[in-house]
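Colleague: Got a structure here, written out as structure tokens. Questions coming.
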Amino acid sequence: MSDTVRVYEIAEEAGASSQDVIAKAKDLGIELKSPQTAVSYEDAEEITKYMMTGKSERLATKPAKVKKVVKKEEVKKETEEIETPKEKIETVQKVEKEIIKKPELKKVEISKPISKAPQKSEEESENLENPNKIVPKRKGLVIIKKKRPKEEELEEQQTITENQSKKQMKSLSEILGGVDDEEKSYNEPKNKENDDIKKQKVKKEKKKPLIKTQDHGKKLDVDREYSDEFASSDDSLLGEEIVLLDMDLSDSYKIFDEPKPQNIVNQSRSSKPAAFGNVPQGLKRGKRKKRIVRTQEKAEITSVTIPEDIRVYEFAEACGKSPAEVITVLFSLGMMVTKNDFLKQDELEILGEEFGIEVTVKDALEDVNYVETYNDEEDIDTSSFVTRPPVVTIMGHVDHGKTSLLDKIRSSKVAAGEAGGITQHITSYTVTKNGQEITFVDTPGHAAFSAMRARGANVTDIIIIVVAADDGVKMQTEEVISHAKASGCPIIVAMNKMDKETANPDMVKAQMAEKGLTPIDWGGDIEFIGVSARTGDGIEDLLENILLQAEILELKADPTAKAKATVIEASLEKGRGPVANVIVQNGTLKIGDNIVCDTTFGRVKAITDDNGKPVKELGLSQTGTVLGLNEVPTTGSVLVAMDTEKEVREIATTRAEHARAKELSKSTKVSLEEMSGLIAEGKIKQLPVIIKADVGGSLEAIKGSLEKIANDEVKVKVVHAAVGGITESDLVLAGASGECIILGFNVRPTGSVKAKAKADGVTINTYSIIYDLIDDVKHALSGMMSAVIREENTGQAEVRDTFVVPKVGTVAGCLVTDGKVIRGGHARIIRDGVVTYTGKISSLKRFKDDVKEVANGYECGIMFDKFNDIKVGDFIETFIQIEEKVSVDD
């Protein structure tokens, strides 16, 4: 760093312009030419001190500049004349002390002569006549008159009474408030000495030119807040502005405004260090601050509780890991996933072991598990318990007489109303026997209704397995036995069709014993009862056994509790809306109850019993239909009554959102081994279908059956499946899906829908028997499959000689040894047991004539398509290709 300072840097530090610094330096005897002139540190400090305080050691030792020589004895007199009250306002304490000590005096320069009084005193006249008197040079005081007083105003001021002119004037220091005692004691004798002197301005004979100085002080308007008395005096400063240059009223009496404090942070960023003192020197580029990164030590995660359905990134957040770490671990195990894929239970366990974290899986629907809440919160009051009727489910193979047996018990003809004579809906009825009610649930026996049968087994107390005595145990019978054993309910075997001559009850007992159901008379615990749905034989014994089993079970429930029921079937009926067929398991279901059923909710609007009659309530184990739900409920779901509509709405909405998110977010992750399978699956032909059914149970059965119809080449793609009639929106969806077929089960399209379907080219097929629907879909899939090409050998020939025909090719002279050779047929050339060529016969001749075929034992000439490498001893095998269609079942 250099030992000099520039003038402009001194000006910045002193808060003045460079010209002021040059002028002040000239007073101190330092010659400066321009703001870029370099000054030593000592001179710079002296100039700054002089500009700030008005004092300097060099100024004290400097010889006084006196323009005119005057007599010494007149100095004191001139000083007294200058010390007027006006000057006391405009001077400062330290300057007055310097006058007493007779320092070097500077001339006071007045901008304009003031003539306030027409008559002048003798002393003033003498002063004007002797302009060579020494006038002390005052530093930093210039009085600038803003307005020249008019003659009328001067005359008015002259008429002011002498008493007013003698009033004590306030000094500038007193006005500014802050004059110390020393200054007051010094001013008091001066005031007394000057009481007789008129308060007038000191004038000069000639008007001196005003020295132009840089205005680096603050203008002070002294007439702002003072009394009228002061404003009306002769020496008032009204209409004038005083420019105070470098005044020093000591450090505590500075008139100029204090500079605003600068932001230290901003100053440090935008200015470079000062040459001296603490004043910024100039702009500089601030250094880039280092960002302080506060690292918080994260607590190590040892265990997490996560929902059942969780994505990769959600699991990573819960474990405090990045998704990349989780994906890397799964990739090392041969699993290709993205951060949006769902994780399975075994994958969560593997990740937990890999990261050393205990993973606990929580059911996302646990908080809205209304069934569990109902079972836990329901007060058990045994005093309110009553015996409830048993719920009996009839199950068995198709066409074994289940519905006919139930019709005989109810004395009705339900089976006659079923399409094709087979049950395709799950139904329930209540029968009274000896004053006791029994609720029967009839299930379909077809293979497609496996889920229906399982649902019937879950809501029942007693299961009756119907087996035809002449037919024995069949496929669906074995399935029914499995459902019955899984339910843990008592089982009764009804051997139907005992009126037939071919009935063989012992065969049925033996077959059932092989399946684990041993009759009582064979030493087992299963009751076998022979019945006939046609004649009614054995039905009374069957009902008595049912009541006996119910008595042993001691079935009881609380009819005063809130209702709990199971939906065994659901549908959407025109004019009624969503309808649920339910069996009450506990409590009493009444009209007006707020109910929730899985993802649906509502208020019970109407109830009908099993005969279709409207009732106000359903009691224990009674069956009926309920209206009032907002949507068609899921078959097999539990219906519960609650206190408020808000409660049921929140539960249903939450469960619906979860179900929808789960459906839309099916995982797309595959293993590395499955990649080739996916590539091959892209070649599989699909048959898109839309399924509409009358009830939810049938819809479920049809959808499950169609999805099972698939092989390596074709499969069924269910675009949409719903309960209800065929609407125009289904046609729009079918058109958008491309070559989509609409399948209706027990539903019919209206005339307008048919017309629109014909115009749009959409195929609608309706069925009333599930067999027909499945068979038609199989035929459609079979038509989509490629035909199988089968080869059939037609003959064989041996090459005896070869002939080369120019520009034609090689002709093989052959002898037909087996069958016949056909022109245009396929042929293989076999040489030493190896097939060297497979192609077509382009030309066949016998002697010189073209022939269509040559039989066994005859010679012929054969040419092949684009092949001439024929040798003697080759064998020619001819064959034809036959295309054969295949079915899905094959």
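One-based numbering along the chain as shown.
Each residue, glycine too, has its Cβ placed from N, Cα and C.
Feature list, courtesy of Swiss-Prot:
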- 110-216: region 'Disordered' (REGION)
- 135-148: compositional bias 'Basic residues' (COMPBIAS)
- 184-199: compositional bias 'Basic and acidic residues' (COMPBIAS)
- 200-210: compositional bias 'Basic residues' (COMPBIAS)
- 387-554: domain 'tr-type G' (DOMAIN)
- 396-403, 442-446, 496-499: GTP binding site (BINDING)
- 396-403: region 'G1' (REGION)
- 421-425: region 'G2' (REGION)
- 496-499: region 'G4' (REGION)
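Describe the structural surroundings of these features, if you would.
Modeller: Neighbour density for ASP399 (GTP binding site): within 10 A of its CB lie 17 other CB atoms from the protein chains shown.
Note: the region 'G1' (396-403) comprises 2 helix, 1 strand, 5 coil (DSSP; helix = H, G, I, strand = E, B).
Secondary structure of the region 'G4' (496-499) per DSSP (helix as H, G, I; strand as E, B; remaining residues coil): 0 helix, 1 strand, 3 coil.
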Colleague: Within the same chain, where does the region 'G4' (496-499) have neighbours whose Cβ lies under 8 angstroms from its own Cβ atoms, ignoring anything closer than 6 residues to its ends? I mean 6 or more beyond.
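Modeller: Answer is 400-401, 404-405, 466-471, 505, 530-535, 537-538.
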Colleague: Judged by the number of other CB atoms within 10 angstroms, which among LYS402, MET498 is the least packed of the binding-site residues?
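Modeller: Relative to the other binding-site residues in LYS402, MET498, MET498 has the fewest Cβ atoms within 10 Å.
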Colleague: According to DSSP, folded down to helix, strand and coil, what is THR443 (GTP binding site)?
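Modeller: Reduced to three states, the DSSP call for THR443 (GTP binding site) is coil.
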Colleague: Quick one: of GLY396, THR443, which of the binding-site residues has the smallest count of other CB atoms within 10 A?
Modeller: GLY396
Colleague: For the region 'G4' (496-499), what's the mean pLDDT in this predicted model?
Modeller: 86
